[in-house]
Amino acid sequence: MPDHNNDITQSPSLDRDCTTLSRHVLQQLQSFDTAAQDISAIMNRIALAGKLVARRLSRAGLMEGVLGFTGEENVQGESVKRMDLYANDVFISVFKQSGLVCRLASEEMEKPYYIPENCPIGRYTLLYDPIDGSSNVDINLNVGSIFSIRQQEGMDLDGDAADLLQNGHKQIAAGYILYGPSTMLVYSIGTGVHSFILDPSLGEFILAEENITMPNHGSIYSVNEGNFWQWEDSIRDYIRYMHRHEGYTARYSGALVGDLHRILMQGGVFLYPGTKKKPEGKLRLLYETAPLAWLIEQAGGKASTGTMPLLDFVPTYLHQRTPTILGSVENVELVESFIQEAERETVGV
């Protein structure tokens, strides 16, 4: 007689404790009060947006009007890809009429998107990069979404969202969704870093790894060396050091989430420094580097601008950029040492 119980236990979807994202968030918050349930519900909506984007990406090459550019530019002066626009609209759609967030701010919008009917009760703001690394979409390489949740402070009657211009320690939660061989969601609410994999058979993000911890040192450095001659001497000296010393290897995909995920899991350093012409760098603080810095430090790593802790940096406007160094403590401190040495030489110390 067939053992149906054994068939069930051998099911691929049931080969581990199926801890879902919403259950895990509530466990981490150790509460079932209204605030905890709000954060859990927001995370569920973010997960829904990730599922919708992942579905679109999986069929992008088979559908018309998905790949390529829209012909428009965003507030950053960058050409907008169709997937950028689609993913941005997805995040807005899943939070409309949710009662959970009052504002959404993203790379694709000059000003925050307000949901007035949510504002009396949804005292949260979602900041996000809907598709990071969108240049990879057309060639079927990894891309991701980055998100940060902040508590709204004050009434924001002027609609200028000035309360968002605070340091990264003010984040309530942050994370990213990586669209790769599997779709993975990584998040932290200040109690460690945890990863979830989307199980297509269940339609749920299932806990894959809890309390991810980075090694203090890693062999990987991730940087766009095509910018070598645009960097300050300190960064060029650091790269030359990497080239001269054995035990280091370069990995760079052009997708921040993919490169950062490798560093998070294996150790090493990701850097996107400023250039001589643009010392502020390329990456935006509030919805790109601050959320990732939050994750890195929660996992035991270090996040820096090169001259100060990245999470201490206070922006003066919504889309402010900052030089970025993220990774294992020893690797980040090595980069910082080159910058500090250059500063000492400049002042003659």
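Using N, Cα and C of the backbone, Cβ positions are placed for all residues, glycine too.
Record features (Swiss-Prot):
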- E107, D129, I131: Mg(2+) 1 binding site (BINDING)
- D129, D132, E288: Mg(2+) 2 binding site (BINDING)
- D132, G133, S134, S135, N224, Y252, K282: substrate binding site (BINDING)
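When other Cβ atoms within 10 Å of the Cβ of N224 (substrate binding site) are tallied across all protein chains shown, the result is 14. Put simply, D132 is the one of the binding-site residues E107, D129, I131, D132, E288 whose Cα lies nearest to the Cα of Y252 (substrate binding site). By neighbour count, meaning other C-beta atoms within 10 Å, the densest spot among the binding-site residues D129, E288 is D129. Residues near K282 (substrate binding site) in space but far in sequence (CB under 8 A, at least 6 apart, same chain), listed by position: Y272, R321. Once the Cα atoms of D132, G133, S134, S135, N224, Y252, K282, the listed binders of substrate, are compared pairwise, the greatest separation found is 16 Å. Y252 (substrate binding site) carries neither a helix nor a strand DSSP state and counts as coil. Residues E107, D129, I131 make up the record's Mg(2+) 1 site, and a Cβ search at 8 Å around their centroid adds D84, A87, N88, S106, E108, Y128, P130, D132, S134, S145, I146, Y287, E288 from the same chain. Mapped onto three states, the DSSP output places S134 (substrate binding site) in helix. Separating the Cα atoms of E107 (Mg(2+) 1 binding site) and E288 (Mg(2+) 2 binding site) is a whole-number distance of 9 Å. Put plainly, the binding-site residues S134, S135 were compared by Cβ crowding within 10 Å, and the winner is S134.
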